[in-house]
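Trainee: Next up is a structure, given as structure tokens.
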Amino acid sequence: MSKKDYYEILGIAKNANEQDIKDAYKRLAKKYHPDRNKDKDAETKFKEMKEAYEVLSDQQKRAAYDQHGHTAFEQSGMGGGFHNSSNFSNVFNDVFSDFFGGHQQRTQRGRDLRYTLNLTLEEAVRGASKEIHITTLVHCEHCKGSGAKQGTRPVTCTTCRGVGEVHMQQGFFTIQQTCPRCHGQGQMIKDPCRQCRGQGKVEEPKTFSVKVPAGIDSNDCLRLNGKGEVGEMGAPSGDLYVQIHVDRHHIFERSKNNLYCKVPINFTTAALGGEIEVPTLDGAIKLKIPPETQTGQCFRIPNKGIKPEKKTPGDLFCTVFIETPVHLNEKQKKLLRDLDQSFCETSSKKNTPETKKFLESMKKFFDNLTH
């Protein structure tokens, strides 16, 4: 199948100058780039005009094409290996500058850092100011971050000529890759700084003050902008992310903005009712226990939970459990026996309805087994 004429593909005359070729390529690249044109033929046309530009923008390849046509490249495959196609790289970046608002950056933003900050429940509830200590990478003071020995400076990479990228040409297609020699920096250091060993960065301990807002919870994250590692070649520093972990409390458990606690009561208070003291974040308060309270009964105390900034406060939920008395003396034991006897003399079913239900269920269970 015969290939299209490269001049025809770009829509230019055979005597077109270098600027005409570049302008034609930019115009067609914007029109047929797959990211902008979803037509099924756009990708094919984009590859064709890219191939045409690679040949016509290179004086030697253009001369060979003008003399021999497409056969000039059938044997050599247009060469191979890494090379710095500066014309193609520049115009390609120009096109993407129009697409995305700027040239691609070779500089690399600093790495983000993470730190786990442990808080007590009281600190998380009320808010706190905490200091954290980390070790991070900062610019080397001896070389001012250049990585080069004092009195010297980095030199332009001879492989990519400072572009930071090379192009592997396979037939009519060009693969863009990071320069293997300078690793995308576009510069090389001949005499590295002894302090940072050419890295331009050194480790240094840092102390930061962190304002913890009231009501924060475990797994919440605070971001300190620009407090991460320094960037490459003047790029911005990364951020420091402070992950919050709230320690377990010896009284309260937390769920969002609500607090939960278990409170023991004696069986007399459970049976007859009364008042007990329960803890809150603001101090102890009185809680009224109604008569005939059972273990597991939960009492809600409004607005005594977590009080986050500018949000509705949570509630406190107190679950009571009846504590069985221990280490009884003989008098106490006799009183309990007398009480138990009084239950027998009256209707125990009336005093202990749950026991009655259980015994009836157990009898029914065994009856079913024997039938």
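FYI, residue positions are counted from 1 along the chain as it appears here.
Glycine is treated like the rest: Cβ placed from N, Cα and C.
Predicted, not measured: the structure shown is a model, and the values here were computed from it.
For reference, Swiss-Prot lists these features for the protein:
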type	residues	note
BINDING	Cys140, Cys143, Cys193, Cys196	Zn(2+) 1 binding site
BINDING	Cys157, Cys160, Cys179, Cys182	Zn(2+) 2 binding site
DOMAIN	5-69	domain 'J'
REPEAT	140-147	repeat 'CXXCXGXG motif'
REPEAT	157-164	repeat 'CXXCXGXG motif'
REPEAT	179-186	repeat 'CXXCXGXG motif'
REPEAT	193-200	repeat 'CXXCXGXG motif'
ZN_FING	127-205	zinc finger
Trainee: Within the repeat 'CXXCXGXG motif' (140-147), count helix residues (DSSP H, G, I), strand residues (E, B) and coil residues, in that order.
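Mentor: Taking each residue of the repeat 'CXXCXGXG motif' (140-147) in turn, the totals are 0 helix, 0 strand, 8 coil.
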Trainee: Which residue counts does DSSP give the domain 'J' (5-69) for helix, strand and coil?
Mentor: 46 helix, 0 strand, 19 coil
Trainee: Summarise the repeat 'CXXCXGXG motif' (193-200) by DSSP state, stating how many residues are helix, strand and coil.
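Mentor: Taking each residue of the repeat 'CXXCXGXG motif' (193-200) in turn, the totals are 0 helix, 0 strand, 8 coil.
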Trainee: Do you know the DSSP helix, strand and coil residue counts for the repeat 'CXXCXGXG motif' (157-164)?
Mentor: 0 helix, 0 strand, 8 coil
Trainee: In Å, rounded, how far does the Cα of Cys160 (Zn(2+) 2 binding site) sit from the Cα of Cys140 (Zn(2+) 1 binding site)?
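Mentor: Roughly 26 Å, rounded to the nearest whole number.
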Trainee: What counts of helix, strand and coil residues does DSSP assign across the zinc finger (127-205)?
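Mentor: Within the zinc finger (127-205) the tally stands at 0 helix, 35 strand, 44 coil.
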Trainee: Within 10 Å of its Cβ, which one of these binding-site residues (Cys160, Cys196) has the largest number of other Cβ atoms?
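Mentor: Within the set of binding-site residues, the most crowded position is Cys160.
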Trainee: How big is the gap, in Å, between the Cα of Cys140 (Zn(2+) 1 binding site) and that of Cys182 (Zn(2+) 2 binding site), rounded to a whole number?
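Mentor: Cys140 (Zn(2+) 1 binding site) and Cys182 (Zn(2+) 2 binding site) have their Cα atoms 20 Å apart.
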Trainee: Compute the C-alpha separation of Cys193 (Zn(2+) 1 binding site) from Cys157 (Zn(2+) 2 binding site), stating it in Å without decimals.
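Mentor: Between the Cα atoms of Cys193 (Zn(2+) 1 binding site) and Cys157 (Zn(2+) 2 binding site), the distance comes to 18 Å.
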Trainee: Would you mind checking how many other C-beta atoms are within 10 angstroms of the C-beta on Cys179 (Zn(2+) 2 binding site)?
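Mentor: Within a 10 Å radius of the Cβ of Cys179 (Zn(2+) 2 binding site) lie 22 other Cβ atoms.
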Trainee: Say you check the Cα of Cys196 (Zn(2+) 1 binding site) against those of the binding-site residues Cys157, Cys179, Cys182; which is nearest?
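Mentor: That would be Cys182, the closest of Cys157, Cys179, Cys182 to Cys196 (Zn(2+) 1 binding site).
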Trainee: Taking the recorded Zn(2+) 1 site as Cys140, Cys143, Cys193, Cys196, identify the other residues of that chain whose CB atom sits within 8 Å of the mean position of the site's CB atoms, giving them in sequence order.
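Mentor: For the Zn(2+) 1 site, the extra neighbours are Glu141, His142, Lys144, Gly145, Ser146, Gly147, Ala148, Pro192, Arg194, Gln195, Arg197, Gly198, Gln199, Gly200, Lys201, Val202.
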